[in-house]
Amino acid sequence: MASSKETYRVELRAAVRQLGERGLYSAAKWAAELLVGIEPDATPAPSSAMDTPSSSGSAASGGRLLHLHRSGGSSFRRRLRPGAAEAGTPLGGVSYVSTPIPDDDAFDVGGDRYLLAKTYFDCREYRRAAHVLRGQTGRKAVFLRCYALYTAGEKRKEEETVELEGSLGKSNAANQELVALERELATHRRTGAIDSFCLYLYGIVLRDKGSEALARTVLVESVNSYPWNWSAWLELQSLCTSSDILNNLNIKNHWMKDFFLASAHLELKMHEEALKRYERLMGVFRCSDYIQAQIATVQYSMRDLDEADMIFEELLRTDPFRVDSMDVYSNLLYAKESSTALSFLAHRVFLTDKYRPESCCIIANYYSLKGQHEKSVLYFQRALKLNRKYLSAWTLMGHEFVELKNTPAAIDAYRRAVDINPRDYRAWYGLGQIYEMMGMPFYAVYYFRKSSYLQPNDARLWNAMAQCYESDQLQMIEEAIKCYERSANNNDTEGIALHQLAKLHGMLGQSEEAAFYYKKDLERMEVEERQGQNFVEALLFLAKHCKSIGRFEEAEHYCTRLLDYTGPERETAKSILQGLKRAQSVLPLMDIDHFAM
């Protein structure tokens with residue numbers, strides 16, 4: 001156990017240095033945070049009994065997690081399933097491949113020129129950096145030169161977009177360096193004179209040119225030869241749009257693969273699988289804020305808002321200047337309508353770094369919750385000026401335009417979101433809502449189908465599609481019933497599905513099915529202590545139904561409960577009770593006549 005942890009530390013320390021030297025700062029930051037997240041080795045106790053596996057397992061599940069909970073509770077430990085926390089390695093019993101750490105000193109000559117070019121790169125003078133390294137053949141130099149050219153092309157593309165269409169406009173501007181970079185990197189790959197970092201860049205170039213299959217192959221080669229570049233894993237993840245593609249990747253069994261699969265499962269909405277993998281990874285990286293944030297995100301996606309809320313609170317307590325993943329936390333607080341907590345979070349990130357896209361998104365959520373939708377749109381636009389590919393900002397800004405009744409702007413925002421990520425079910429759902437509001441249910445059903453396919457466990461999506469099928473233009477009642485059944489089977493917390501199933505079956509004359517769903521809906525409302533028109537409607541239908549099939553005692557029970565309410569239903573209940581008394585008085589006479597005969 002100790003040796004495996006030390007191996008992770010050695011590999012990650014080298015990765016932080018090597019990634020930073022190549023200007024891959026995001027991946028370097030991720031590796032450094034993971035390095036700090038490795039659980040410190042326990043101080044050996046004098047007793048020999050501490051060396052037994054059971055004792056070490058007890059220590060692992062004991063005091064090491066106290067810093068994660070309020071008041072030293074054990075809520076986080078309860079989330080780790082049996083055996084997950086004691087795995088010892090990210091996947092207990094799994095044998096990982098050994099990947100040698102490359103020796104940078106053996107790669108390059110002309111180190112002074114490289115240092116000058118790296119300085120220019122850090123100062124964002126990308127073309128100067130590439131120019132300094134012309135003619136250099138060392139692998140580090142080749143990568144930095146190509147990466148500087150790619151970054152310069154991206155910078156110019158963004159400038160052209162702003163010049164032609166404005167800061168949030170669409171444009172056909174392209175990176176003019178892609179063709180030359182593809183030619184050079186393809187030649188290096190063909191001759192074998194390419195390292196993992198250039199393979200990573202080659203994969204990005206291929207992706208930008210639309211060659212996704214080849215990009216996946218190249219990125220797999222990159223992560224197999226240098227598995228510590230998290231940016232390469234993320235690019236590979238963006239190209240895995242289905243579980244079949246993910247399962248067919250030929251990736252070596254390095255421990256970094258576990259992080260990739262967990263993240264990919266989360267992206268593909270395979271929440272249970274993602275949660276299992278992150279729980280196992282906690283066996284070694286028990287102090288990792290990244291893993292805790294990912295688990296909180298999974299819990300949020302699974303609608304376990306209270307559990308996710310607790311984890312995010314602990315993350316902020318241990319790292320009060322954290323901005324990463326806090327936009328997800330703001331979405332959670334918005335869903336819970338926790339205006340005070342969201343206000344506190346918005347104020348905190350504003351003071352920490354108000355020009356981060358995530359900070360702008362959090363502030364936008366705060367104004368949206370207050371009903372100030374114009375201000376909310378303004379901050380979402382600021383977030384998108386900082387990062388045009390910020391998916392959540394496009395989707396949430398679409399929601400704000402819906403509130404402002406600005407239909408064209410909402411459609412544009414949602415379409416921009418699905419252009420960035422076709423798997424964003426929220427944007428597809430938003431488009432469905434827009435077309436439903438415009439009285440175009442055929443289009444709305446198409447978009448609701450897309451969203452429910454991507455998020456089949458969300459009852460709200462099935463309810464929305466069912467309501468479209470119910471519309472006057474479609475009148476597809478059988479299809480609506482199927483959708484409401486899917487909603488009811490997926491924990492419809494709003495209680496829409498059961499009531500609508502009862503009503504629709506009643507409309508079709510299927511009284512037994514209608515009574516079944518009215519009874520289930522009544523039981524749900526009683527448990528939740530809710531009363532209202534739906535409650536009265538269920539009692540009235542069940543009273544009439546039970547009377548019609550001769551279950552007079554049940555009918556009397558429902559009618560008696562209706563007497564507690566005012567309105568026409570009470571008079572109807574009285575009338576039914578009178579009818580029940582007459583019917584019950586006639587029955588004994590009928591029995592006497594029967595015996596007399």
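Backbone N, Cα and C atoms are what each Cβ position is placed from, and that goes for glycine too.
Per TrEMBL, the range carrying the annotation region 'Disordered' out of 43-64, 65-86 is 43-64. Residue ranges 136-163, 164-191 are listed, and TrEMBL annotates 164-191 among them as coiled coil. In the predicted model, the domain 'Cdc23' (8-296) has a mean pLDDT of 80.
Using DSSP to sort the residues of the repeat 'TPR' (391-424) gives these counts of helix, strand and coil: 27 helix, 0 strand, 7 coil.
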